[in-house]
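Report on the structure given below.
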Amino acid sequence: MAQERKKKAGVLPPDGGWGWMIVAGCFVVTVCTRAVTRCISIFFVEFQMHFARDYSGTAWIHSLVDCTTMLCAPLGSLIGNHLSCRVAVILGGFLASIGLVLSSFATSLEYLYLSLGVLTGLGFALCYTPAIAMVGIYFCERKSLAYGIAMSGSGIGTFILAPVVQMLIEHYSWRGALLILGGLVSNLCVCGALLRPITLKEEEACPLPVDSECGYSTKPLVAISPAEEKQLEAERSKQQRDSKQRCLQSMQEYHFLLMPDFLVLAGSFLFLASGCSLPFVYLVPYALDVGVSHHHAAFLMSILGVIDIVGNITFGWLTDRRCLKKYRGICYMVAVGMEGLCCFLIPLLHTFALLVPFSVLYGYFDGAYVALIPVVTSDVVGTTYLSSALGVVYFLHAIPYLVSPPIGGWLVDTTGTYTATFFLSGFALLSSALLLCTANIIRHYQRVQRNRSKKPTLEQCEAQQADFYTTKNKDLLIINTATS
């Protein structure tokens with residue numbers, strides 16, 4: 001009984017203990033989802049040559065994986081909230097593994113659109129959001145560091161998988177490489193088993209809905225006495241009250257959608273998603289186009305991935321410092337803006353030696369902002385609604401992820417160069433940072449004006465002082481008159 005009361009009352013975020021196993025599980029989830037998605041760009045030239053298609057048509061594969069992962073992110077949040085994050089990740093791992101295995105038997109690009117793009121992307125969606133949300137539930141004080149370590153799986157996975165995938169393609173063809181990746185991704189089911197659910201004290205005040213009852217009775221009609229009828233009426237009214245309460249809770253679960261700060265953040269994410277995926281899709285084809293060898297082109301992705309780790313962990317650790325904790329939003333804007341500036345420089349880089357610094361800088365700032373997305377979102381909506389908010393955030397990435405790589409491919413087909421594609425990426429990333437910067441400046445100006453209007457002026461103070469002494473003199477005069 002004591003244990004049941006403890007579970008019902010909830011606990012504080014452990015900030016350690018089993019939380020580090022949650023971080024480890026989320027780390028492997030990011031390896032098997034985001035790193036594998038990035039490595040699909042290594043298959044780009046193989047798919048293009050095998051199926052004899054143009055850049056735009058081939059780019060739809062990567063677009064569909066990213067789009068389905070983000071578009072179905074709310075579904076992952078829904079399953080995680082109503083069943084458990086453990087169930088969502090295990091189910092997602094199974095679907096993603098099946099999708100990659102089926103892709104190894106592809107006979108056309110359209111086949112890959114469904115198997116690799118839709119089925120694998122759906123599996124990644126069910127894994128990604130619940131695993132990330134679990135880290136935010138287990139950590140409070142060291143949240144940025146925990147997210148930095150967990151999200152670094154994307155960089156470490158890219159660093160290791162990029163040359164491995166290239167080697168697998170050379171030895172077993174792209175079909176064998178996809179089959180082996182399917183076996184690797186099946187480890188998501190093991191990661192799901194690590195996600196032990198807990199109930200926080202914050203969630204008791206506003207619990208998430210756990211079922212879909214509507215208060216209607218499904219029992220067959222039988223003859224009942226007046227006393228039983230009164231009892232049934234009381235139960236029915238209680239069920240109706242419970243139904244209304246659950247509806248209010250469901251509305252409250254997504255009330256953050258009306259917050260001005262979240263709306264600005266959502267607009268920024270739309271610009272971010274429009275630009276961040278293009279370099280990952282077209283870096284390897286661009287390197288091959290300027291004369292870099294296949295191994296060196298794959299090595300650029302490895303460099304980008306390993307520096308991504310440094311960005312994840314260092315920015316996570318720095319923004320947990322007391323002096324920088326209240327400036328997390330500014331750190332996020334700086335990372336996104338610098339990433340955009342890097343994209344404007346890449347058309348000037350035509351050798352492997354010059355592309356290495358780009359991979360270093362772009363990878364570092366990419367890792368920095370990726371680690372801060374859940375942190376910044378949590379700062380805006382709070383821990384209680386983090387899972388639902390992350391589902392919406394990643395849902396907003398879906399359409400840009402779907403359309404931006406084909407648009408980039410169309411620009412390459414039309415212009416014959418990659419310059420317009422990388423300029424489009426840089427413009428979108430800078431727009432994302434500038435939108436948040438403008439909103440922060442306006443908010444700061446409004447705060448200053450509000451404080452200034454509340455602060456009394458010198459004339460107001462003198463008038464209040466004069467009124468005080470006038471009232472006091474009148475009171476003394478009345479007292480003296482009464483005494484005399």
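Using N, Cα and C of the backbone, Cβ positions are placed for all residues, glycine too.
What you see is a predicted model, and the numbers here were worked out from it, not measured in a lab.
Here TrEMBL flags 18-443 as domain 'Major facilitator superfamily (MFS) profile'.
Sequence-remote contacts of a segment are chain residues at least 6 beyond its ends whose Cβ falls under 8 Å from one of its Cβ atoms, and for the transmembrane segment (20-45) they are 58-59, 61-62, 65-66, 69, 89, 93, 96, 116, 124, 127-128, 131-132, 134-135, 138, 146, 149-158, 160-162, 165-166, 169, 174, 177-178, 181, 184-185, 187-188, 190-192, 194-196, 280-285, 288, 298, 301, 305. Residues annotated as transmembrane segment in TrEMBL: 20-45 (among others).
Outside the transmembrane segment (87-106) by six or more residues, the chain places 25, 29, 32-33, 76, 79-80, 112, 115-116, 118-128, 130-131, 175-176, 178-179, 181-183, 185-193, 195 with a CB less than 8 A from a CB of the stretch. The transmembrane segment annotation in TrEMBL covers 87-106 (among others).
Taken from TrEMBL, the feature transmembrane segment applies to 112-138 (among others).
A Cβ distance under 8 Å defines the sequence-distant neighbours of the transmembrane segment (145-169), meaning residues of its chain 6+ beyond its ends; these are 19, 23, 26-32, 34-36, 38-39, 42-43, 46, 131-132, 135-136, 138-139, 176-177, 180-181, 294-295, 298-299, 301-317, 320, 363, 367, 370-372, 374-375. Per TrEMBL, the feature transmembrane segment maps to 145-169 (among others).
If you look up TrEMBL, you'll see 175-195 (among others) marked as transmembrane segment.
Under 8 Å from some Cβ of the transmembrane segment (262-284) lie the Cβ atoms of residues 38, 41-42, 44-45, 59, 62-63, 66, 70, 256, 297-298, 300-301, 304, 336, 339-340, 343, 346, 355, 359, 362, 366, 369, 373, 376-377, 380-381, 389, 392-393, 396-398, 400-401, 404-405, 408, 412, 418, 421-422, 424-429, 431-433, 435-436, 439, all in the same chain and six or more residues away from its ends. Among the features that TrEMBL reports, transmembrane segment is placed at 262-284 (among others).
The feature transmembrane segment is assigned by TrEMBL to 296-318 (among others). Among residues of the same chain six or more beyond the transmembrane segment (296-318), those with a C-beta under 8 A of the stretch's C-beta atoms are 35, 38-39, 41-42, 144-149, 151-152, 154-163, 165-166, 280, 283-284, 287-288, 324, 331, 335, 352, 355-356, 359-360, 362-368, 370-372, 375.
Within the same chain, residues 268, 272, 275-276, 278-279, 286, 311, 315, 318-319, 324, 355, 358, 361-362, 365-366, 368-369, 372-373, 376, 417-419, 422-423, 425-430, 432-434, 436-437, 440 sit at least 6 positions outside the transmembrane segment (330-349) and bring their C-beta atoms closer than 8 Å to a C-beta of that stretch. Taken from TrEMBL, the feature transmembrane segment covers 330-349 (among others).
Among the features that TrEMBL reports, transmembrane segment is placed at 355-376 (among others).
Under the heading transmembrane segment, TrEMBL lists 383-402 (among others). Within the chain carrying the transmembrane segment (383-402), a Cβ under 8 angstroms from the stretch's Cβ atoms is held by residues 13, 63-64, 66-71, 73-78, 80-81, 125, 128-130, 132-133, 136-137, 140, 200, 202-203, 206, 253-257, 262, 265-266, 269-270, 272-274, 277, 373-374, 377, all 6 or more beyond its ends.
The transmembrane segment annotation in TrEMBL covers 422-442 (among others).
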